[in-house]
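Visitor: First the structure, then my questions, so here it is.
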Amino acid sequence: MAKNVVVVGTQWGDEGKGKIVDWLTDHSQGVVRFQGGHNAGHTLVIGGHKTALQLIPSGIMREGVACYIGNGVVLSVPDVLREIDKLHAIGVEVPSRLKISEACPIILPYHTALDVAREVARGDAKIGTTGKGIGPAYEDKVARRAIRAADLLNEKRFAEKLRENLDYHNFVLANYLKVATVDYQKTLDDALADVPRLKPMVGDVSSALYAAFNAGANLLFEGAQGSLLDVDHGTYPYVTSSNCVAGNASTGSGVGPGMLHYILGITKAYTTRVGSGPFPSELPTDQGVGKHLATVGHEFGTVTGRARRCGWFDAALLKRSVQINGVTGMCFTKLDVLDGLETLRICTGYKLNGKIVDIFPVGAEDAAACEPIYEEMPGWKEATVGAKTLEALPANARAYIDRIEKLVGVPIDMISTGPDREETIVLRHPFK
């Protein structure tokens with residue numbers, strides 16, 4: 001019987017999901033994106049060649065694997081077409097293998113204009129968005145005024161909806177945000193020019209996924225960002241605009257929750273965050289261990305190029321993530337970045353409002369007030385890069401992994417020891 005796996009980030013994103021999704025596509029016939037947009041990147045290293053993707057599922061790099069963009073994704077048509085062209089240039093054929101949900105909300109220039117203008121207006125209180133229009137596009141979806149992929153294929157309907165939306169959003173841009181408005185005719189013409197390329201890929205993704213599964217296909221649901229950026233469960237308001245947790249694999253693609261059989265939580269061996277928001281175990285990245293993590297871990301955003309904030313591993317944060325996702329097993333990534341550190345620290349809980357708590361709180365205010373409680377463990381001098389078995393890891397590295405398993409209560413089923421596909425230790429295969 002076919003089996004479906006959901007891959008989610010358990011921290012604030014950038015956990016190394018792209019490589020693991022690519023590795024797992026060896027055992028899947030379809031890969032599905034179910035939330036987010038072109039605001040989150042995933043980097044694959046295959047045979048030493050690096051490929052960065054933002055919208056198209058990582059499975060596209062595996063010949064014969066079908067890829068799906070579900071209704072939970074907000075779609076920038078120019079960006080998905082640019083990604084297709086970039087892949088075509090390295091010999092990867094996309095259009096015949098990619099299906100885009102007709103219910104995807106479309107990101108248009110006024111969404112980007114609103115996103116950028118709002119961040120400028122917030123000043124020091126900015127959220128740290130990528131400025132790509134993701135949030136405003138989700139707002140339109142919830143307000144029931146989104147232009148969806150199916151609308152774009154109907155020129156008359158699209159033109160009417162676009163005019164109505166621009167009347168509304170241009171009023172806000174001009175009168176509240178005091179910035180330039182967006183031109184109707186140019187927006188209309190540019191969008192319609194992309195329709196001939198887009199149209200063959202648009203369809204009923206929900207039915208396609210059901211048909212594939214019933215025909216025996218294993219499906220892999222690829223989450224973007226991280227669970228603590230979830231709009232409901234993250235450090236609100238310092239969150240993204242979508243649900244990043246595993247449950248959204250169902251609503252964001254059109255399959256029932258009973259079709260989600262295994263939840264793989266991708267967990268970095270230390271903690272990082274991009275942009276604003278609380279981060280209890282954060283370290284300064286201009287010195288000491290923080291600098292080591294940032295430098296050795298190459299901690300710069302795939303999409304924005306922004307330097308990531310770095311800190312010690314936070315087991316209390318991971319407990320929250322395991323809880324909200326129903327994680328079956330974890331994949332531990334970037335263990336090799338810790339090589340050479342004499343002492344490691346694990347955050348096991350916090351002092352918060354005069355009490356000791358052992359799980360990350362809900363919302364930014366309490367999270368910002370947390371004082372981390374640390375447990376120290378000895379590090380290791382030996383290299384872990386490229387290790388293929390658990391026994392090949394240094395004893396102290398194995399002890400570090402064991403301790404995290406005990407603190408969180410979920411097994412570590414996979415360990416990534418480098419960026420390439422082959423640099424992976426499998427203790428329990430998610431698809432088996």
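Note that Cβ sites are derived from N, Cα and C of the backbone, with glycine treated the same way.
Taken from Swiss-Prot, the feature active site, proton acceptor covers Asp14, and the record attributes it to sequence analysis. The active site, proton donor annotation in Swiss-Prot covers His42. The GTP binding site annotation in Swiss-Prot covers 13-19, 41-43, Arg308, 334-336, 416-418. Swiss-Prot lists Asp14, Gly41 with the feature Mg(2+) binding site, giving sequence analysis as the kind of evidence. As annotated by Swiss-Prot, IMP binding site applies to Asp14, Glu15, Gly16, Lys17, Asn39, Ala40, Gly41, His42, Thr130, Arg144, Gln225, Thr240, Arg306. The substrate binding site annotation in Swiss-Prot covers Thr302, Val303, Thr304, Gly305, Arg306, Ala307, Arg308 and is backed by sequence analysis.
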Visitor: To which of the binding-site residues Gly13, Gly16, Gly41, Gly305 does the lowest count of other Cβ atoms within 10 Å belong?
Guide: Gly305
Visitor: Take the Cβ of Thr43 (GTP binding site) and count every other Cβ within 10 Å, whichever protein chain it belongs to.
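Guide: The answer is 18 other Cβ atoms.
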Visitor: Does DSSP put Leu335 (GTP binding site) in a helix, in a strand, or in coil?
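Guide: SS state of Leu335 (GTP binding site) = helix.
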Visitor: Compute the C-alpha separation of the residue listed as 'active site, proton acceptor' from Thr130 (IMP binding site), stating it in Å without decimals.
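Guide: Their Cα atoms are separated by 14 Å.
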Visitor: Nearest to Thr130 (IMP binding site) by Cα, among Thr43, Gly305, Leu335 (binding-site residues)?
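Guide: That would be Gly305, the closest of Thr43, Gly305, Leu335 to Thr130 (IMP binding site).
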Visitor: Using a 10 Å cut-off, grab the number of neighbouring Cβ atoms around the Cβ of Arg308 (substrate binding site), all chains included.
Guide: 21
Visitor: Determine, to the nearest whole angstrom, how far the Cα atom of Arg308 (substrate binding site) is from the Cα atom of Thr417 (GTP binding site).
Guide: 20
Visitor: Neighbour count, 10 Å Cβ-Cβ cut-off, for Leu335 (GTP binding site): what number do you get?
Guide: 23
